[in-house]
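The structure appears right after this line, and notes come after that.
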């Protein structure tokens, strides 16, 4: 059953309104895909670190999935799940490391494999399955099916109280299940596309075994979210909204506008790190298409002054985040005086991938970098954050934007990071570097639009590298800076591929324009790194 709200309190979790499957993350690169697959079948899922204490959960899940991970369960430093997971009385599905965790906790029957197993394999069903409940798990599945393996350890024996449901050539315990309890383990990864019928298995677990109601949709989400915001804000308080013009802040602003009307104040901080003519474009866009009056606060000198001499990426993000909050607090005080109201909340367009990337715990996962929407904020911040998109993936945000009637060109606009050009200039940020990065980026994006590539790409930008290269212009030797172009395609920004659709003619044109029109640049590179191992942004 779904979690219920405590009378008199305002729920801050989407899980209060939808049947929720909890995913405990052991550090697998595929963990986020589990959540995505569940949401594709309209079942809500939340991902939390494997160290999550069950007694501290703000909701009761209707099922739990233990993800894969890079460690061996028998290592001293291996992470382990809170045993209380198995006392919740809900179905549990262990995937790869998650399955080995189940086996380790029930007999220590995990050992190094004779051979590592990476790649495709064929699972064969056992002819007789004693565990009646798990016949549902293989509903609509053939007796043999292809799966994707990615493991170095194996089960040395069946855990106490379990039986074998499926096996592969190299894995005699590829699928196991408890004889009496709704606990199942898979040695393979059903969440990846390389397991063609994996989505059916996930659906069977969620719908047939956990009995989840498949009612997760943007239509159901937005009405509940607007009501939640109204309860949280009350009848007289005001909210200031951090607006950048990107799809995230635009959709978030529209949600707030729908919830509290003119008590929402959209504010854009011109931190001096914006794209060319960005403030003017965003002001016109919000006024014309959304009916939202935008206040632009020019704090460029304040930001750039504090970034002087700073080259470390994390320090830059922290400085930008802290300064951002200070500026907003000042603006909130102004609005309080003008409206005789009360400003307690700051809107941010934080998305679920932002949250996942920023999770750090004592286990295999490492914080890759402080995300600009959830990190870099002062611990003593006076404003409370309100993040209506916090539980959504990017494709869900776009679907929500279209549902709210936002114009297609706005919904599908490429993202722009909160720290702006500050993290696209590798090294120290100053006026001269900003001029170079801004002009190069403008040329790149303009040509992408002109040549019909824009809607085929998820994000593109030009970055200024902290190196100089020797070149020749006319008959003179030059020693100038280097621009790196980056364009990626992705469905959720958790993983991404570099875009390979540009023609050589197009790249030649962009390179020529940048070298000729941007003073101080004599070399242009194209970044062909995917995520992972790279991140989308360079800092």
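Cβ coordinates come from backbone N, Cα and C, glycine included.
According to Swiss-Prot, the features are:
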type     : residues           : note
DOMAIN   : 20-215             : domain 'Glutamine amidotransferase type-1'
ACT_SITE : 96                 : active site, nucleophile
ACT_SITE : 189                : active site
ACT_SITE : 191                : active site
DOMAIN   : 216-413            : domain 'GMPS ATP-PPase'
BINDING  : 317, 475, 531, 537 : XMP binding site
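The structure, with features from Swiss-Prot marked on it.
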residue	record	contacts (Cβ under 8 Å, 6+ apart)
96	active site, nucleophile	28, 67, 68, 69, 150, 151, 186, 187, 188, 189
191	active site	30, 33, 34, 36, 37, 95, 198, 202
475	XMP binding site	none
531	XMP binding site	488, 490, 495, 496
537	XMP binding site	417, 423, 424
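In three-state terms derived from DSSP, residue 531 (XMP binding site) belongs to an extended strand segment. Taking all protein chains in view, 22 other C-beta atoms sit within 10 angstroms of the C-beta of residue 317 (XMP binding site). In the three-state DSSP assignment, the secondary structure recorded for residue 317 (XMP binding site) is helix. For residue 189 (active site), the count of additional Cβ atoms within 10 Å of its Cβ stands at 23 [all protein chains shown]. The average pLDDT the prediction assigns to the domain 'GMPS ATP-PPase' (216-413) is 85. For the recorded site, residue 475 (XMP binding site), the DSSP three-state label reads coil.
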